[in-house]
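Copied over from Swiss-Prot, here are the features:
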BINDING   G73, 76-77, T81, 83-86, 100-108, S112  5-phospho-alpha-D-ribose 1-diphosphate binding site
BINDING   G73, N103  anthranilate 1 binding site
BINDING   S85, E217  Mg(2+) 1 binding site
BINDING   R158  anthranilate 2 binding site
BINDING   D216, E217  Mg(2+) 2 binding site
Amino acid sequence: MLNKIINREDLSYEESYDLFNDLLNESEIKIGAYLSALQTKGFTANEIAGFAKAMRDNAIAIDLGKGISDTCGTGGDGYSTINISTAVSIILSCFTKVAKHGNVSITSKSGSANVLDALNIKKDCNPEEAKKMIDKTNFVFLFAPNYHPALKKIMPVRKELGIKTIFNILGPLANPANPDYQIMGVNSLDLVEKVGDALKLLGVKKALVVYGNGLDELNPNDYSTICEINENEENKIYKIHPKDIGLTPSNPIPCNSPDESAKRIIKIFSGTINEDRDFILLNAAAALYASNIAKDYKEGLKLAKEVIDNGTVLKKLKEIQKYGE
């Protein structure tokens, strides 16, 4: 199969699934060769989905029920902003169950796991604890290294290679809770359609894949490109601007640490009105739409504003924090 990839021939979904399983038992040299060859060829939706399904199937089993949402993005956009996906996941948990799958930061100064630590939110739940936490609070964080022990052999090779590989985009697609709804940020335009097609193959009910013209979130100051996935429908690609849903464009404020990110999220949840609020609201509106809570982005914005302004989301944050004490 390595020669096939080197010859720039695409793998089928089934071949990709089998290759992932084979890599778990290969030598480090072979793993490095396959990952490098795939990266050079460029991967397809079938290859992404095949790897992601195999990664899910090799994960620690967890059953959190149906109707779960996730807000994980690829990261790696090179910008240091507050952790939008974490803030959005807490807002979303005011309406539905959220199992946020994530890891410590690779390029950002405030990755999800880092910010959850700063917020004093429990992040090391085993499957039994995760079920109890999500049933009690509507929120749980699934720390990726705890749920993907099969990757222990592959991770050092990725680090040694020092290049981007298919694994850079697999994390958000490999949530072991198999979410029905998802908003997923990607860090390049060419991934929007591919990842959308991969999510369709993975059987998601509804999802949005977003690229914010340089950001792996919806951009608060520019157009964002979106792939909308609905089961039993063709995927749709379109652009959206903050003004389209009634927000004034604003530049995201840089963030220097997880602690700063946590403090700024709490400020917004406490009623502070500034650029951070608009950035969070824009992405929360999309998440509520992606999770079938809101009928469109404008209704999503209205709902997100309401739970911030009436104190519901701050109360939810305290409830989630208290659970881990």
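Cβ coordinates come from backbone N, Cα and C, glycine included.
Keep in mind that this is a model prediction, so the values were computed, not measured.
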Task = Sort out for me which one of T81, S85, N103 has the most neighbouring CB atoms within 10 A, since those are the binding-site residues we care about.
result = S85
Request  = Using C-alpha atoms only, work out the spacing between S85 (5-phospho-alpha-D-ribose 1-diphosphate binding site) and N103 (anthranilate 1 binding site) and round it to an integer in Å.
outcome  = 12
Ask   = What's the most sparsely packed of the binding-site residues H101, R158, counting other C-beta atoms within 10 A?
value = R158
Note = By a three-class reduction of DSSP, D216 (Mg(2+) 2 binding site) is assigned coil
Ask   = Roughly how many Å separate the Cα of V104 (5-phospho-alpha-D-ribose 1-diphosphate binding site) from that of R158 (anthranilate 2 binding site), to the nearest whole number?
value = 16
Message = Among all protein chains shown, how many Cβ atoms are found within 10 Å of the Cβ of D216 (Mg(2+) 2 binding site), not counting that one?
response = 25
Request  = List the Cα distance (Å, whole number) between G73 (5-phospho-alpha-D-ribose 1-diphosphate binding site) and R158 (anthranilate 2 binding site).
outcome  = 19
Query = Measuring Cα to Cα, how many angstrom lie between the residue listed as 'anthranilate 2 binding site' and N103 (anthranilate 1 binding site)?
reply = 15
Request  = Measuring Cα to Cα, tell me the gap between N103 (anthranilate 1 binding site) and E217 (Mg(2+) 1 binding site) in whole angstrom.
outcome  = 17
Message = I want to check the contact list for E217 (Mg(2+) 1 binding site): same chain, sequence separation of six or more, C-beta distance under 8 angstroms. What comes out?
response = G73, T81, I84, S85, G185, V210, S224, F279, N283
